[in-house]
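Notes follow once the structure below has been shown.
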Amino acid sequence: MVIMKKMKDSVLFLVVGLFSLSVLVSQSIAGRVKAPLLQSNTGGLVFSKSFNSIYDTSMYGRLQLNNGLARTPQMGWNSWNFFACNINETVIKETADALVSSGLADLGYIHVNIDDCWSNLLRDSEGQLVPHPETFPSGIKLLADYVHSKGLKLGIYSDAGVFTCEVHPGSLFHEVDDADIFASWGVDYLKYDNCFNLGIKPIERYPPMRDALNATGRSIFYSLCEWGVDDPALWAKEVGNSWRTTDDINDTWASMTTIADLNNKWAAYAGPGGWNDPDMLEIGNGGMTYEEYRGHFSIWALMKAPLLIGCDVRNMTAETLEILSNKEIIAVNQDPLGVQGRKIQANGENDCQQVWSGPLSGDRMVVALWNRCSEPATITASWDMIGLESTISVSVRDLWQHKDVTENTSGSFEAQVDAHDCHMYVLTPQTVSHSDV
C-alpha cells in the first residue's frame, strides 16, 4: 500500500519448438519436478546456441499450492490505485458490470479484487473478520454471488501482519479462521500484504496462509504482496501464485520504468503456476501520456506480469479502453509457453534505447522496441541479440498497428520509435514448419 508505507515493521543448447506445457505444469504444481520450462526439439533450425542462456528458466521451482491456478498470469481489476479506501459494494458491483459491458471480461479480465478498507476496524466477539457495515452492508457473500453471476471472480485483501496497511484487522495468527471465512463467502482470490508484520520474516509469515487456503478445499488464487523486500522470487514459488517483486507503483513515468527494470531481474523465476508481480496497471489514471501507457502495457504483457487494471473502468476514455483491450498484446501475456520476456539490450544515453524480447509458443518471438529517450530514436533488434539463428527469415507483425510489417526479414529488424513510446512485434519463422501449443 502507498499511504501506510512508513508503518512497516521490516520491511533456457536449443529450445522452444513444441512444448509439453500441460504435463510440465501439472507435475510442477504437484511438486514432482524441478526443470526448465522450455524443452528442445526444434533441431536447431530457428534458435541460436545462446538462446538457452538468454532466456534462462532453470531457476523456476516447485509449487506447493496444489490449487491448479495461474497457468497464465492473472487478469482483472483492483480497487486500490484509483479508489484507495473510498470503496463500497456499489463500486464493486458497477465495476463488475463495466468489465462485462466494455468487453474486457471477454478478453480475460475476470478478477474483481477488493483491496484494503473493506472490513470493519475490529473483529467480532468470536474473532471473525466483519465487512464494514456502512460500505459493505450486504456482506461479502452476497457481493461474491453478484460478481459470480456476471461470470467473474471476486478477490479480497488481507495482510500478513496484525493490521492491514490502513489499520484494519490483519490475518497474522488468524490464518485458518480467515481462510475459512473467505472460502465460505465464495472468495476466489486473496491479495496478502506486508504491513505491521512484527518484524517476522516474510518466509515465515506467508506459508501459513498458503496452508490454510489449501485446507479450505476451495481454489483461491494466492497473491503475495511482500513488496520484494526479501527477494520473494527466490522462495515464493513454493508459497503463492504470484509475488510482488517491487515497492508500490505510482502513476508516473519514473515509477513505471523503475519498476519494470526491477522486475526484469527475476525473469528466470517465473512460469506457469507462479508469476513475478511488478504491481498493478496505472493505465487510465492520468499521470502518463498515451505513448507511455502503451509502453506500460506492452512491457507488463511481455514480462508475463499480472494484468490488473487500476483505473475506474466505469469511466474509461476511448484511449484507455483501446490499450487495455489490445487482443494481440493480451495474447502475448497469456501465451501458454509462459516464459517471461526480458530486457535484452539497452543503448543510448542512460540506456534509453531498449530491446525487450521473449519466446512464445510455436517457435515465435515477441520483441518490444522501447524508446525511453526524450527524442525519437531508431532501435534495432538483431537476430544474434534475441537468440535467433542469423539465417532464419521471419514475418513481422506489429501488435499496435494490427498489421503485418514484412513477410520475409532476416538478420535484424529496426523501427523509428517516438520518445517514450513502445513498438511491439511478433516474429514468426518462415522456413520451419511448426504448430502452436
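Cβ coordinates are placed from backbone N, Cα and C, and glycine is handled just like the others.
Listed features, source Swiss-Prot:
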- 1-30: signal peptide (SIGNAL)
- Cys85-Cys117: disulfide bond (DISULFID)
- Asn88: N-linked glycosylation site (CARBOHYD)
- Asp115, Asp116, Lys191, Glu226, Trp227, Gly228, Val229, Asp230, Arg244, Asp248: substrate binding site (BINDING)
- Cys165-Cys195: disulfide bond (DISULFID)
- Asp193: active site, nucleophile (ACT_SITE)
- Asn214: N-linked glycosylation site (CARBOHYD)
- Asp248: active site, proton donor (ACT_SITE)
- Asn250: N-linked glycosylation site (CARBOHYD)
- Asn315: N-linked glycosylation site (CARBOHYD)
- Asn408: N-linked glycosylation site (CARBOHYD)
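Across the fold, the C-alpha of Asn214 (N-linked glycosylation site) and the C-alpha of Val229 (substrate binding site) stand 25 Å from each other.
Distance from the CA of Asp193 (active site, nucleophile) to the CA of Cys117 (disulfide bond) is 13 Å. DSSP classifies Asp193 (active site, nucleophile) as strand under the three-state reduction. Around Arg244 (substrate binding site), the C-beta neighbours below 8 angstroms that are at least 6 residues distant in the chain are Leu224, Cys225, Glu226, Trp227, Gly228, Pro232, Asp277, Pro278, Asp279. Straight-line distance linking the Cα atoms of Cys165 (disulfide bond) and Asn315 (N-linked glycosylation site), rounded to a whole number, equals 27 Å. The Cβ of Asn250 (N-linked glycosylation site) has 17 other Cβ atoms within 10 Å, all protein chains considered. Among the recorded positions listed (Cys85, Val229, Asn250), Val229 has its Cα nearest to the Cα of the residue listed as 'active site, nucleophile'. Between the CA atoms of Asn408 (N-linked glycosylation site) and the residue listed as 'active site, proton donor' there is a gap of 42 Å.
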